[in-house]
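Below: the structure, in structure tokens.
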Amino acid sequence: MAEKQIKNRVCIVGSGNWGSAIAKIVGRNAARLPNFEDKVTMWVYEEIIEGKKLTEIINETHENVKYLPGHQLPPNVVAVPDVVEAAKDADLLIFVVPHQFVRTICSTLLGKIKPTAAALSLIKGFDIAEGGGIDLISHIITRCLKIPCAVLMGANIASEVAEEKFCETTIGCRDVMLAPMMRDIIQTDYFRVVVVDDEDAVEICGALKNIVAVGAGFVDGLGFGDNTKAAVIRLGLMEMIKFVDVFYPGSKLSTFFESCGVADLITTCYGGRNRRVAEAFVKTGRSIKELEDEMLNGQKLQGPITAEEVNHMLANKNMENKFPLFTAVFRICRGELKPHDFIDCIRSHPEHMVKVAMK
Ligand SMILES: NC(=O)c1ccc[n+]([C@@H]2O[C@H](COP(=O)([O-])OP(=O)(O)OC[C@H]3O[C@@H](n4cnc5c(N)ncnc54)[C@H](O)[C@@H]3O)[C@@H](O)[C@H]2O)c1
Ligand SMILES: O=P(O)(O)OC[C@H](O)CO
């Protein structure tokens, strides 16, 4: 008798702009691949849109009218308002919520999921750890839920991925048994996956690039040109590399040349929400929170909170002056400095030190 094919069940924990774009890919792949169950559950943080539940709208129209309007989700993606109900039978949990909500979600899921499940985090951000440091989101997921957690980060603006425009992404996964399953459920002919084993560096790139994007938005708002923005991108990249080198030694420089590194930095600094809101912050003088609420229709910014989390650690370790760009973005977002102070903060960057012996 032929052996019965084991079918992995997938749950997408989150249904925002990126959550919905990835649901389109995951739903189609699950329906096509023999080792996945057709039905994919998608946890939706319930809200009422024009008198109707968002979950009902998604299940009836197959469109997330609030967070990814204009794109059809595959019919096998089923919106579920209860996160435990959505996740309880899953073999693969794809976490894709704004990072500020992950701890609460994990506490709700604790003890309610399959002990054999694995996770893939698409979440870009950190959390504050006890003792003055930061926590990686994948580490929080693993610690809270006692399951392995790989990460996916890349130059992936959700609307472009939903439009099926060619791009690349990086999966950081140390487990060679899990990596093929993670790749297969994500990869398409227009969304190409590279798997590397440098999990922490992949995730840190995804989080830190959002701080740099806020800086890029500042220089756009101040009316500087492309040369200035290129300098911000380069100095940001150097601070990202230094951050990994100092706090997560043993990571690989080559990871910064994957989609999660330089490529994501470029796309975010030109096309991302963090850049857009930071530019408006400079031009209007209004608060970031007000602009986020007004410009993003419920989508969430990650850069300003990430700058705060990183600064919490740098200040505790007395290292703010080693990361002047990250520090300046934090102080400007908080109102301690004015946006036009930004260039002065990076004018004498440690990267500008003479690097060759001068005669
Ligand atoms: N949007 C992109 O282009 C993109 C691309 C790559 C990675 N990411 C990353 O993916 C992650 C998720 O981003 P997104 O774009 O899917 O989300 P989003 O910015 O669209 O956020 C809105 C989502 O947050 C949910 N939400 C609101 N309040 C909540 C609460 N109290 N608890 C739980 N959920 C709540 C909303 O229901 C909605 O699903 C972020 O870390 C982001 O950096 C986003
Ligand atoms: O729109 P942003 O600034 O949150 O960036 C979106 C993605 O992270 C780009 O890869």
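Note: Cβ is positioned from N, Cα and C throughout, glycine not excepted.
Not measured: the values here are computed from a predicted model.
Together with Arg273, Asn274, TrEMBL lists one candidate of Lys114, Lys124, Lys146 for binding substrate, that being Lys124. Closeness to ligand 1 is met by none of the recorded positions Lys209, Arg273, Asn274, no Cβ falling under 6 Å from the molecule. Shown are the recorded positions Lys124, Lys209, Arg273; of these, the residue with the fewest other Cβ atoms within 10 Å is Arg273.
Each of the binding-site residues Gly14, Gly16 was assessed for Cβ neighbours inside 10 Å, and the highest tally belongs to Gly14. For the pair Trp18 (NAD(+) binding site) and Lys209 (active site, proton acceptor), the Cα-Cα distance reads 16 Å. Checking the binding-site residues Phe101, Arg273, Asn274 against ligand 2, the ones with a C-beta less than 6 Å from an atom of that molecule are Arg273, Asn274. In sequence order, Pro98, His99, Lys124, Gly125, Ala207, Asn210, Asn274 constitute the residues six or more apart from Gln302 (NAD(+) binding site) in its chain with CB-CB distances below 8 Å. The Cβ of Phe101 (NAD(+) binding site) lies under 8 Å from the Cβ of Tyr45, each on the same chain and at least six residues away in sequence.
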